[in-house]
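Enquirer: Pasting a structure below so you can have a look.
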């Protein structure tokens, strides 16, 4: 199938997509949240990361197969519609848009709190400046977004590699003042699995969503000059990112720190990354990690403005959103869609400070389960579309392994994750909240199918 980006630009290069593939999931969740999983499972959190990582690798391989065959700015929303019709594309697109909008607010609030403390100003000031700045970056041309994400990702990858090198040197006692630690912390008095299988299950719930946002690379690929090559490289990078960056970081932390001394971090000073850099007598570690955390949050925010605008643009072209959002500027940027993302970024940030009757709690709970729905629908879409893609000779650079068995295994693993969430009092509300939100969107898709928004066409007309 010929490349189709619906009139968008082609300013992204393979290097942009490859670096995005490496760095897109290296965020504040890794630097601040890793300790939550370690505290729950001890060193056995590695098993939780392996299980969660396997799910993500399989999902991305399936998504990569469809994206390489049919590059589209709507990505999995478009493939859901191709596979199951209007209801799937509509509900999946708006669900992911909702998820990113809510996460945008939380991330900007976190970054603004740190920057406000730096400059001695109210957090809303850096928040306003950053939202406007990244909106402008995304309004000018897609190349600007790509360059920012390239360098954001480059810095994050460089920091993780430096952390791994320093950590290994500390483990083997190669740095001044350090001694060989062996497995005294990794095994210690409590063993590899101090809290048993239940601890690993709790750890899995803590780390399962650490890889969220990885799907954005397939949205961006539609604006690449070589989408199939870019998608192939980005999908392959997923395995390296999980095995080296996540598993490597957790190995270093669990070898150097007793698991019972590790907790989830609310500040950079509490991050296990900061504490390990301090072991190496590196000065200014707290300030350095604060800067890296801010960079990670702003990188995610920039990517989410981009992804939400392209999703709305794609849905507008498919008549699942008002047509005004399909308008392109002379530089092939969906200006109105970017402005919509900017507006809701302000709304989402505002909700972080003004929480009417628990609305924010409900919305953020729904976000926790959105990824499971998205990953499940990606899997179902690939299982449904594979025969059609083969018949049309569309499968090219990326092919799902052991089809359909690994796809079925992915669904089983996702079902198991849902079962764990239902069995956990803290996670149960996430399942209920996303079920309400997604059910509402599915119903809305049937209500709007013959609305003026779609020009009175039926799904079969659109196909």
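Note that Cβ sites are derived from N, Cα and C of the backbone, with glycine treated the same way.
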Enquirer: Have a look at 84-104, 315-335 and point to the one annotated transmembrane segment in Swiss-Prot.
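Expert: Spelled out, Swiss-Prot records transmembrane segment over residues 84-104, not the other listed ranges.
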Enquirer: For the annotation transmembrane segment in Swiss-Prot, which listed range does it cover: 179-199, 200-220?
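Expert: It is 200-220 that Swiss-Prot annotates as transmembrane segment.
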Enquirer: Mind checking which residues of the chain, 6+ beyond the ends of the transmembrane segment (84-104), have their Cβ under 8 Å from one of its Cβ atoms?
Expert: 74, 76-78, 212, 215, 300-301, 304-305, 307-308, 311-312, 314-315, 318, 320, 341, 344-345, 347-349, 363-364, 366-367, 370-371, 373-374, 377, 380-381, 384, 437-438, 441-442, 444-446, 448-449, 459, 462-463
Enquirer: Report the listed stretch (117-137, 157-177, 276-296, 402-422) having the maximum count of Cβ pairs within less than 8 Å of the transmembrane segment (200-220).
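Expert: Against the transmembrane segment (200-220), the leading stretch is 402-422.
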Enquirer: Are there residues at least 6 beyond the ends of the transmembrane segment (117-137) whose Cβ is under 8 Å from a Cβ of it, and what are they?
Expert: 108-109, 111, 144-145, 148, 290, 298, 301-302, 305, 338-339, 341-342, 345-346, 349, 353
